[in-house]
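Straight from TrEMBL, the features:
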type: DOMAIN; residues: A:4-260; note: domain 'CN hydrolase'
type: ACT_SITE; residues: A:GLU44; note: active site, proton acceptor
type: ACT_SITE; residues: A:GLU44; note: active site, proton acceptor
type: ACT_SITE; residues: A:LYS127; note: active site, for glutaminase activity
type: BINDING; residues: A:TYR133, A:SER190, A:LYS196; note: L-glutamine binding site
type: ACT_SITE; residues: A:CYS163; note: active site, nucleophile
type: REGION; residues: A:479-504; note: region 'Disordered'
There are 2 protein chains.
Amino acid sequence: MPSLRVALAQVNSTVGDIPGNAAAVRHWSRTAAEVGAQLVAFPEMMLTGYPIEDLVFRDSFVASSQAALRTLAADLAGDGLGDVAVIVGYVDADGPAPTSSAAVPGSGRRDASALLFGGEIVATYFKHHLPNYGVFDEDRYFEPGDSLTVVRLGGVDVALTVCEDLWQAGGPFAAAGRAGVGLVVNINASPYELNKDDLRLPLVQRRAAEAGATIAYVNMVGGQDELVFDGDSMIVTAGGELLTRAGQFTSELLIHDLDVPAADPTPNVTDAQGDDGMGIRRVTVEAPPRPLTDGPAVGGIADRVTDEAEIWSALTLGLHDYVEKNGFRSVVLGVSGGIDSAVVAAIAVDALGPQRVVGVSMPSGYSSGHSKDDAADLAKRTGLDYRSEPIQPMVDAFLANMSLSGLAVENLQARVRGVILMALSNQEGHLVLTTGNKSELAVGYSTLYGDSVGGYNPLKDVPKTMVWRLAKWRNADAANRGGEPPIPENSIVKPPSAELRPGQVDSDSLPDYDLLDAILIGYIDGDQGRDDLIAAGHDAALVDRVLRMVDLAEYKRRQSAPGTKISSKAFGRDRRLPITNRFREGV
Amino acid sequence: MPSLRVALAQVNSTVGDIPGNAAAVRHWSRTAAEVGAQLVAFPEMMLTGYPIEDLVFRDSFVASSQAALRTLAADLAGDGLGDVAVIVGYVDADGPAPTSSAAVPGSGRRDASALLFGGEIVATYFKHHLPNYGVFDEDRYFEPGDSLTVVRLGGVDVALTVCEDLWQAGGPFAAAGRAGVGLVVNINASPYELNKDDLRLPLVQRRAAEAGATIAYVNMVGGQDELVFDGDSMIVTAGGELLTRAGQFTSELLIHDLDVPAADPTPNVTDAQGDDGMGIRRVTVEAPPRPLTDGPAVGGIADRVTDEAEIWSALTLGLHDYVEKNGFRSVVLGVSGGIDSAVVAAIAVDALGPQRVVGVSMPSGYSSGHSKDDAADLAKRTGLDYRSEPIQPMVDAFLANMSLSGLAVENLQARVRGVILMALSNQEGHLVLTTGNKSELAVGYSTLYGDSVGGYNPLKDVPKTMVWRLAKWRNADAANRGGEPPIPENSIVKPPSAELRPGQVDSDSLPDYDLLDAILIGYIDGDQGRDDLIAAGHDAALVDRVLRMVDLAEYKRRQSAPGTKISSKAFGRDRRLPITNRFREGV
């Protein structure tokens, strides 16, 4: 049984930064080769970043991806790595871009994997199963491949697959079984969701049984706009044994020696299209890969962590990469003494370091003494750059010139704070962080153009009850990390308040957060209707109240104001581009 | 050859307002029957509105659609219309909602058409071709049907089809040809694009030839969030003759007597699946439709109009329906004396009447005398509710308490204006209109949370050069409409300026708008890259400058801040709901 030293490159990639991503492939391939790897696998769309959204419609972008792949093959050989097989995801095309209803949607654009060896692109594979649910829109963008690529390398048959191919039964993994391969390499850009890692291992085991082969699963790591990729790469045998598994949210090489069955010299299968809907295309690499050096290489199995630890890592990495990939030097946020801004400040300091985080206390006449104290305490614990800008003089200028009352006055205070943060952003170059949690956003308990001002919101998808859990977890984890617990105990235990009128607390306007979050999760995450929620045990009147708030709040979450579409591509619905796109035309 | 009086109901529908939409079907069916119609056809998804986006994932929503259809059939009979065939679009389901990667995307949800007669749902059809490009995401939401429904009604074979079925060759229209039908009814929710009407007629002619049958094409009319449906319903014979055609942006019944070939009593075709991928399902309505009364009924052919007239209608209808469907009583906007706010004010007054439009002049120290005069002149011409709120006292309060300079001071002025408009919105209940045109938005020539504040932007998809054309056209059209030309001549002819610093004009920062718009249209609408644009004759340095501005501005168009996703459904990318949704759980 031949042995193959495999390196899974669980690394970061930036949408549009094709030269930077190609350089990362060269860097990590060299590092892997230094410890004797014969095959190095990189994530899905490593060369272009993922998701590229409407960039795929631009011919110049696709041409850049194709050209970069050719250059990369040559550069790897130039680096002395011509005898290492490098598998890398990129975007290919064998047809025109779909730009109208006349063309078949996605025609000719391919979510592709290539095997590079000896300075050449030896083989390519086009993803077969295209996900089109949740965050995925791949039916818009890509044409499915219908042929499994099997590469004979050093006497072993290796099949190439991409991401969703693993999540659907039939197709490439069934074809791999029919083809009798020894190893299936599955490259991924699989976004994080809480506890998704609990799904992945049994899924890989099921597919390994279907293919009758070992699976090497490699996933991207890093933040890209609203997505964060968590890695969790692994190798699982045909029998379902987990050989090695990387951590979550870590950039690393997972290196392991595999015993892979020798390829049958004359495989007794038909390579025509099978019941699984796939043809089989075979490619042989005549030259042997570099010989195995000292070994064996045995990868470890990373421990699983708690929900809070997993989420904290996701949020810090997501913020870090948003800031870095967009080229910001620093962030600014309002610190009120409350739990949300305290948790965001702690995330920002963990992600960027205290010297890149500015916290601004903006007290009003309604701000309590303890709020100011708690904000100052947070600053002292975290070491962030702390400022104070009392808002009353600006609020008074509006009140003196307009006749405002009630909610208009409450919102005015939040909006003056938004203007102050944006002025600091313009003057000093910080990215403004906003701090509204998912529960608040869902029911519209925030001020449009007020506390919702900002370029990034770490808590956008975090329910209020989880904000408290995160705060307690992070403070306790200070014992492992060193340093003081960052979040003032008082911010955790006091009743939440917007402090926009005397004595105001959240519970004046909102149900208890335990009850609220349970309904929100059913309604939003679960698509449950009113009757489902009541059947699940929620109080009917409360369900009606919450659903009404959510439906009314829907428009508050909109980005730029909607407007009537009159052209073939309006902004918004029609034009979907990643924010942290680094593709530069003509570079 | 039997004669059939057909009524195409080119009418409005509201997403989620199932009871209201059902009432509209009864109203228009009664009106059509009063002039003797035997068959009345309503648009795609008439009962639910279109597009319903993620509402389709909620079982309670789909169940409401199905129940409303059954009730509607009975109610029409109760209205004395049991002998009129009513074709209506709705949402059906014959499988579970797709809520995870484990389920097949779109499984079981159907974009459906039903024929109601005699108090019953006589026949249903499931849309075959699902568009998944541009504004369409139907692969996410629906499962394609694979069987053409042919209804024998009064001795005539009528085939049911839906929207995109018409835009793709093969499939239902080919099957209709094989089935030998006399009439194909194609129901649509086809969003407006400039000059799309020029594509529709030849397309309908091509499909009529393919089916060898007359096509009755009915389209929705009205605004829904960012979409506006323009109607343009028509009837075209197998030979390509246009018999009748409705106007654009008008709610109307298009009524016409058709001579339709009698159905073959024993059709000599196989109804099994054909080369076109469709089976054929035949249903016979035994009872005859109501007898023809006096006639003949002959529909007219509406004139085509200029681009400016078409766009003006789209923008006024889009704004009107956004305001009405969201339940706002009035709108407020800043009027600067410039062209953009003048055109938005004129659109708003045309859409809502002057008594529902508040215009606020918010001069600063840098506002020129002519700006204030032009704003007042606009108010006088249009009759809108005019106010003045000088911003200097509020701006001074910020400047006295913060150290700001340069761009931060420019943006501060725009943000103080945004706070004033939102305060008026909170105090008096107006929807704030924002007025940035597509060219400005594309290059980021606007202030985030400043002039971009607002719930709706009529010019969001209108390039600056088109804003000027619209202004001139609307003023000239005053001769046809009566009333004064609404837009001050001075607002049209003066050089555009943001007036945020002394002597500032747009041309300090931006290329000439003719050049800019040409590049933007190529880059944004056409997905052209740098080299394509230069090959098209644009100056290379200018192309580089504009593309860099557009790429940098991309994030400005996001209003709610992105944030890292950690759950199965975050807001934004994961959760796609119409803003003007009127669906109420449990009602």
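Just so you know, glycine gets a Cβ as well, placed from its N, Cα and C.
Just so you know, TrEMBL annotations are computer predictions that nobody has curated.
Recorded residues A:LYS127 (active site, for glutaminase activity) and the residue listed as 'active site, nucleophile' have their alpha carbons 8 Å apart, per Cα-Cα distance. Of all the recorded positions listed (A:LYS127, A:LYS196), A:LYS127 sits in the most crowded Cβ setting, with the most other Cβ atoms within 10 Å. In sequence order, the recorded positions near chain B (CB to CB under 8 A) are A:TYR133, out of A:TYR133, A:CYS163, A:SER190.
Rounded to a whole value, the Cα-Cα separation of A:GLU44 (active site, proton acceptor) and A:CYS163 (active site, nucleophile) is 7 Å. A mean pLDDT of 93 is what the model gives for the domain 'CN hydrolase' (A:4-260). Residue density at A:GLU44 (active site, proton acceptor): 28 other Cβ atoms are found within 10 A of its Cβ, drawing on all protein chains shown.
Rounded to a whole value, the Cα-Cα separation of A:CYS163 (active site, nucleophile) and A:SER190 (L-glutamine binding site) is 7 Å.
If you take the C-beta of A:SER190 (L-glutamine binding site) and look for same-chain residues 6 or more apart in sequence within under 8 angstroms, you find A:CYS163, A:LYS196, A:ARG200, A:ASN219, A:MET220, A:PHE229, A:ASP230, A:ASP232. Residue annotation for L-glutamine gives A:TYR133, A:SER190, A:LYS196. The furthest Cα pair among them is separated by 16 Å. Counting every protein chain shown, the Cβ of A:TYR133 (L-glutamine binding site) has 21 other Cβ atoms within 10 Å. The secondary structure of A:CYS163 (active site, nucleophile), as reduced to three states from DSSP, is helical.
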